[in-house]
């Protein structure tokens, strides 16, 4: 099931002190099988059925409303027999809120020379044991039905920006986009055949070519799907190219359906994406960067392994209320005090497991809190003012 309601739009679209120029930002509510999601929303990525380094309890405490699972990797391990035994991904990973699963298309694309794409599907060697495997739109729908994810993504071909230095031509992008459209129709047919009660999203492709994006969008809209995603961005293209596609595509999708920007991105990308009309985001950046000592704060990014933090008694971000920065909440409402930059620097330099765990908690809290602040600003009709202040703060530096 899926119900989506737009609660408020950034109606002033560039007029007045609080407006965001050209804004298509909107505040919404998404009702799914396993719960209600307030949008715009960021979705933490749980590739193997876990958000790396973060306990489910911590995800609940920091306000995660929906997380991702990776169809391809869960198909490889633990496999469908185990998933069937548990009745899907929710019970398996002990998560009672909504889950979105990707189709496996991006992971197959990332295998490069290890895979062969045809009209029927993709043949490739398993990265786990080398077995020869075949993934089709139908099989992707079957896997995601077993996973019982609230949102199922169509199987698509992710159009690359370049391949070994060769920039994808319009002709190549068209061929890829049209294949994804044919696969989308097969996904719909199989999804309906399986009587999957959840929601299937289509994925707009077309590379960096606006005319192809428009054709893909129009063809997918004809399928009248519950929601739509913008795919094939943040795949190596210059930032200006992604921004050009974002200015063109999202607001042309149906206003009464949720819009999802796949695999993006930085805090700045999220704010710009909301302004472009996006409702949903996901990215591995908060946790991946955390594992590499790269932290996000209100006043810019911080590299905790730098020597200047060796004796720094400050928390990562004095404005942050996460466990890493503030510590436990005591019975009287006070906090126990968080961890210093010096301690986090020490953990990082020693390779201690707690280091990336605390860093991941902070980064995910930062992202989720950023989205809460965006929702609050939209509720108050002050998104433009918020976006301007956000940019100023981030440029200030830590």
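For all residues, glycine too, the Cβ spot is worked out from N, Cα and C.
Summarising the environment of residue 102 (active site, proton acceptor), the number of other Cβ atoms within 10 Å of its Cβ, over all protein chains shown, is 31. Per Swiss-Prot, active site, proton acceptor is recorded for 102.
For the recorded site, residue 282 (active site, nucleophile), the DSSP three-state label reads strand. Sequence annotations record features per position, and here Swiss-Prot assigns active site, nucleophile to 282.
The feature substrate binding site is assigned by Swiss-Prot to 102, 103, 104, 105, 106, 156, 205, 232, with sequence analysis given as support. For residue 104 (substrate binding site), the Cβ neighbour count at a 10 Å cut-off comes to 24, with all displayed protein chains included. Classification of residue 104 (substrate binding site) by DSSP places it in coil, neither helical nor stranded.
Around residue 320 (Zn(2+) binding site), the same-chain residues at least 6 positions away in sequence with a Cβ under 8 Å from its Cβ are 297, 298, 326, 362, 365, 366, 369. DSSP gives residue 320 (Zn(2+) binding site) a coil state; it is part of no helix or strand. Here Swiss-Prot flags 320, 322, 325, 362 as Zn(2+) binding site, drawing on sequence analysis.
Restricting the average to the region 'RNA binding' (263-269) gives a pLDDT of 97. Swiss-Prot lists 263-269 (among others) with the feature region 'RNA binding', giving sequence analysis as the kind of evidence.
The residues of the region 'RNA binding' (287-291), classed with DSSP into helix (H, G, I), strand (E, B) and coil, number 5 helix, 0 strand, 0 coil. Annotation source Swiss-Prot lists region 'RNA binding' at 287-291 (among others), citing sequence analysis.
Counted with DSSP, the region 'RNA binding' (263-269) comes out as 3 helix, 1 strand, 3 coil. Cα distances from residue 106 (substrate binding site) to the recorded positions 282, 322, 325 are smallest for 282. Reported as a whole number, the C-alpha separation between residue 105 (substrate binding site) and residue 322 (Zn(2+) binding site) equals 34 Å. In the shown protein chains, 28 other C-beta atoms lie within 10 A of the C-beta of residue 103 (substrate binding site). In sequence order, 109, 153, 154, 155, 157, 158, 180, 203, 231, 262 are the same-chain residues whose CB sits within 8 A of the CB centroid of 102, 103, 104, 105, 106, 156, 205, 232, the residues recorded for substrate being left out. Neighbour counts of Cβ atoms within 10 Å were taken for the recorded positions 156, 282; the minimum is at 282. Highlighted in sequence order, 315, 316, 317, 321, 323, 324, 326, 338, 361, 365, 366 have their Cβ within 8 Å of the centre of the Cβ atoms of 320, 322, 325, 362, the residues recorded for Zn(2+), and are not part of that set.
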